[in-house]
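Trainee: Sharing a structure with you now.
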Amino acid sequence: MKKANAEILLNEIALWRQEQRIDAATAERLAQRYQQQGSLLAVFLRWLGLGSVLLLAGALFSMIGLSMHSKFVSAFLVAAAAIALLYLGVRMTRDPSSPYPVTGAALTTLGLVDVFGAVVLFAAGDTFDERMLIQSGLLFTALASLGIAYRYALRWPLLLGLLAIFHGLGSGSAYAGSGEYVADIADPPLMAVVAFVVAAFGVWHLRAEDGRLARYAGFGRLYLILGLLYGNTSLWFLSLARFSDYRILWTVLFAIACVTEIVLGARLKDGRFSGFGIVFLSICLYTCFFETAWDKLGSGLFLFLGGLLGLLLGLAFEWWGRREHSTAQAVTP
């Protein structure tokens, strides 16, 4: 939590105590949650120690499994570690008097990562396809993450579960060497459909959080953000010549989707729609410009024209925004 937010909450707690809304014990218990726990170095050392313990545990499990020549022993140990981490993480996160709510959420997330490791170790075999093995492990982990997220109203497991779903459907990245990274989506059309369905579900979830789903506040935002991210990225991949034979069609659909998001953001007054629409529309325009002009222009002229075009568009949008703002102020009585 940011220091400014913690100070605001501490001031509110002190005010409640002065107004006799809460007793001294409750005020002290609430204040412990938001008081700064040491310096930045202390926080760094605490997280370094946590990471070191986890790495040592992983090395120990691997050593035991190799010495006994049994993958099932390693899988059992990883599963036991997952259960222990999930128990401790959920308990720390749900305890209102715990001063380490973020640590509890991190332990819960690490426990779910161990669930993935245990599933992969149990299912691994000489005849099992590696890609199918990883996808199955990711989807199983996603189900466990979603179950824990909704059972205990925790956002971190939901984030991990959504990432596992999208990567289980075939998205991924890797280091290609020489400072280059590659990203891939096995089936971009399927990914786009699933992602935009997830985004639509996120919109519904956000509206329902004002009523019967108030306990899960913040869940809809994750659905919406990740759905728009993966949906737009899938359409962007499809608009590239190397990914599709119908590049022009997908480019048009990509641009329409971006404009639609900008319009929805304006109508719903939701900056998430507008932000993703503007960013990916810029990516769409730049991609079209790059694929059209890179081979025809020198690199210097290409970069100059691209920068000039971006500057002119930015100035035009800024002028238009200022004019609309002035018009709205003039109309307001």
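Just so it is clear, glycine is given a Cβ too, placed from its N, Cα and C backbone atoms.
Grabbed the feature section from TrEMBL, which reads as follows:
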TRANSMEM  43-66  transmembrane segment
TRANSMEM  72-90  transmembrane segment
TRANSMEM  102-125  transmembrane segment
TRANSMEM  131-150  transmembrane segment
TRANSMEM  157-177  transmembrane segment
TRANSMEM  189-206  transmembrane segment
TRANSMEM  218-241  transmembrane segment
TRANSMEM  247-266  transmembrane segment
TRANSMEM  273-294  transmembrane segment
TRANSMEM  300-320  transmembrane segment
Trainee: Taking the transmembrane segment (247-266) as reference, which of 43-66, 72-90, 102-125, 189-206, 273-294 has the most Cβ pairs under 8 angstroms?
Mentor: 273-294
Trainee: The transmembrane segment (273-294): which same-chain residues, six or more beyond its ends, come within Cβ distance under 8 Å?
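Mentor: Same-chain residues near the transmembrane segment (273-294) but 6 or more away: 228-229, 232, 235-236, 239-241, 251, 254-255, 257-266, 302, 305-306, 309-310.
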Trainee: Do any residues, 6 or more residues outside the transmembrane segment (43-66), come within under 8 Å Cβ-to-Cβ of it, and if so which ones?
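Mentor: For the transmembrane segment (43-66), the sequence-distant neighbours (Cβ-Cβ under 8 Å, at least 6 residues beyond its ends) are 37, 73-74, 77-78, 81, 103, 106, 110.
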